[in-house]
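Here's the structure, in structure tokens; my notes come after.
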Amino acid sequence: ALISKGPLIRLADSLSACRVLVVGAGGIGCELLKNLVLTGFKNIEVVSLDVPNVLYTQYLDCVQHTLFVNLRLSVLQVAKESVLQFCPTANITLTLFFLAAARNHVNRMCLAADIPLIESGTAGYLGQVTVIKKGLTECYECQPKPTQKTFPGCTIRNTPSEPIHCIVWAKYLFNQLFGEEDADQEVSPDTADPELSWNPADTEARATASDQDGDIKRVSTKDWARSTGYDAVKLFNKLFKDDIQYLLTMDKLWKKRKAPLPLDWLEIQKLVHSSQREVTGTGLKDQQVLGVAGYSQLFSRSVETLRSMLADKGDGAELVWDKDDPPAMDFVTAAANLRMHIFSMNMKSRFDIKSMAGNIIPAIATTNAVIAGLIVLEALKILSGDVEQCRTIFLNKQPNPRKKLLVPCALDPPSANCYVCASKPEVTVKLNVHKTLVLALQDKILKEKFGMVAPDVQIEDGKGTILISSEEGETEANNSKFLSDFGIRHGSRLQVDDFLQDYTLLVNVIHCEDLEKDVEFEVVGDAPDKAPTPPGAQEDKNVANGNKDSAEPSTSSKAPAEQDDVLIVDSDEEEPSSSTMDVRMESGGHKRKLHDAETGEASAKRQRLDQPLAADEEDDDIIALD
């Protein structure tokens, strides 16, 4: 039987003509670049969010060639030179930029330009690939993402119960002693702990008694350390003996908890001299767990090294904690383990502490390779006109009950409540209009929470009052004023536009005077009753972001029926939806979203979109985000 080669020829032509933007040139990105050029893609632009300054090895691998790349060089240039060895005729353009919330920004840019986005990520042995197409699928921001876990200050300072609490305390301690001091990262006992319920007089009396008994002065930790000349023994006794004894005076904390056990430097040195040094664990040195005596010696050595480093930098200098800086890592390892021992926790190896302190998820080469291959397969479907056949693919660590590692799920439709891709994006924010500054609205709510780059805010008050302008200096005088100074009250509505993202959002304001302590605002689900419309005000007719005409999907036409289909995995049963797929869930019950670790965070304005894409170019372009 004869097989028509027409569809394959057309696909090959599409590959060579199509333009691809790859965001990220790390673990997945390098593997993806190789796959793209070997598949036939010729025009590739690579955007990296940072340039690593730490020596590590990244490789590009194929059947007959393995190239090891030293990423102390520019990751982009090295990646380009490596890939061109596979396909010298490829046209690869390199760009470096810094932007906070890069995934959100790319998502909105793709919605604005109506370009398919292939989003992916890995975490150890787990991986995920999904396709985002405006009007057809969920966008990246349709599903809430788990926020970074934080811990109450009183838990870190007074009642740690997990190793991570001690590791965070040790990192805080590094900054308090050698780095930039932050009042929110204080490490001394917290007398304002809500569990204590002491009256001020009692608290002062206890503090005074402790000062007299232990000669502890409640001054800046760095000032105290400097006054001792960074004496390791005095630091040890202050942090692990005197402060712990002070905690023990807070007897209410220990009625239902095991009380901490103070450490004394002289007593521990007896263990050192009597050779009672315990080491557990086998294998590499970093995977061994020292005893209390061993960590006390490591603490002393690391303090002396860091003191010398600080002195070499001159007066007023500061050190920056880096997980790949041996003295800094030694200090955090020793301090964290000593605190774990005090609070009756099993101590951890240097390797384990480095992983937790640096938020490190091991990169698995084969996981990145599988995900990079799946990205290309989804891209081929898009170029063949089969966007409807695209799937979300999950790579699992172990086979599911149907004995599959790769599990395809039907793409979910856009969420009607998404504040990015809904037909009329709208959110409701609860705050105190008498205490919230315009600057806080701009930086903490619009930029940090909603991922905007350069927001313009207009009050729907019938006057068209401009509250915030993206033009430098235009509304700077408003920054120090409260929202109420501009007549904003319960039920007020703010029209927010971000020209750089072609993004419009309506913000409904709920005035609230009883927010929880340290909470400046809350995003709530239901919009309030609209405030009375001032005379002369007109309703704005909102439209879907990125399209001034409609919110209908704009997909390419189906390819001829005789074309070859690309199958990812066999699936003889009905494919489940990715939102109902039985996959691991993050805390809070949110659907798992895996992020590649190389996506950095910085901030800068992007250049304005001067011209939209031509109509005949829109469906030929793909953005692969890893």
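The first residue you see is number 1, and the count goes up from there.
Using N, Cα and C of the backbone, Cβ positions are placed for all residues, glycine too.
Pulled from TrEMBL:
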type: BINDING; residues: Gly24, Ala25, Gly26, Gly27, Ile28, Gly29; note: ATP binding site
type: BINDING; residues: Cys139, Cys142, Cys418, Cys421; note: Zn(2+) binding site
type: CROSSLNK; residues: Lys145; note: SUMO1 cross-link
type: ACT_SITE; residues: Cys154; note: active site, glycyl thioester intermediate
type: CROSSLNK; residues: Lys171; note: SUMO cross-link
type: REGION; residues: 184-214; note: region 'Disordered'
type: CROSSLNK; residues: Lys217; note: SUMO1 cross-link
type: CROSSLNK; residues: Lys238; note: SUMO cross-link
type: CROSSLNK; residues: Lys397; note: SUMO1 cross-link
type: REGION; residues: 525-626; note: region 'Disordered'
type: DOMAIN; residues: 526-620; note: domain 'SUMO-activating enzyme subunit 2 C-terminal'
type: COMPBIAS; residues: 544-558; note: compositional bias 'Polar residues'
type: CROSSLNK; residues: Lys605; note: SUMO cross-link
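The average pLDDT for the domain 'SUMO-activating enzyme subunit 2 C-terminal' (526-620) in the predicted structure is 39. Using a 10 Å Cβ-Cβ cutoff, Cys139 (Zn(2+) binding site) registers 25 neighbours. Nearest in space to Cys418 (Zn(2+) binding site), taking C-alpha to C-alpha distance over the recorded positions Ala25, Lys145, Lys238, Lys397, is Lys145.
Cα spacing between Gly26 (ATP binding site) and Lys171 (SUMO cross-link): 27 Å, rounded to the nearest whole number. In this structure the alpha carbons, written CA, of Cys154 (active site, glycyl thioester intermediate) and Cys139 (Zn(2+) binding site) are 38 Å apart. The most crowded of the binding-site residues listed here (Cys418, Cys421) is Cys421, judged by how many other CB atoms sit within 10 Å of its own CB. The separation of Lys145 (SUMO1 cross-link) from Cys139 (Zn(2+) binding site), Cα to Cα, is 12 Å. Residue environment of Cys142 (Zn(2+) binding site) contains 22 other Cβ atoms, counted within 10 Å of its Cβ in all protein chains. Spatially, by CA atoms, the recorded positions Gly24, Ile28, Lys145, Lys238 include one closest to Cys421 (Zn(2+) binding site), and that is Lys145. Taking all protein chains in view, 29 other C-beta atoms sit within 10 angstroms of the C-beta of Ile28 (ATP binding site). If you compare Cα positions, Ile28 (ATP binding site) sits closest to Lys397 out of the recorded positions Cys142, Lys145, Lys171, Lys238, Lys397. Counting Cβ atoms from all protein chains shown, Lys145 (SUMO1 cross-link) has 14 others lying within 10 Å of its own Cβ.
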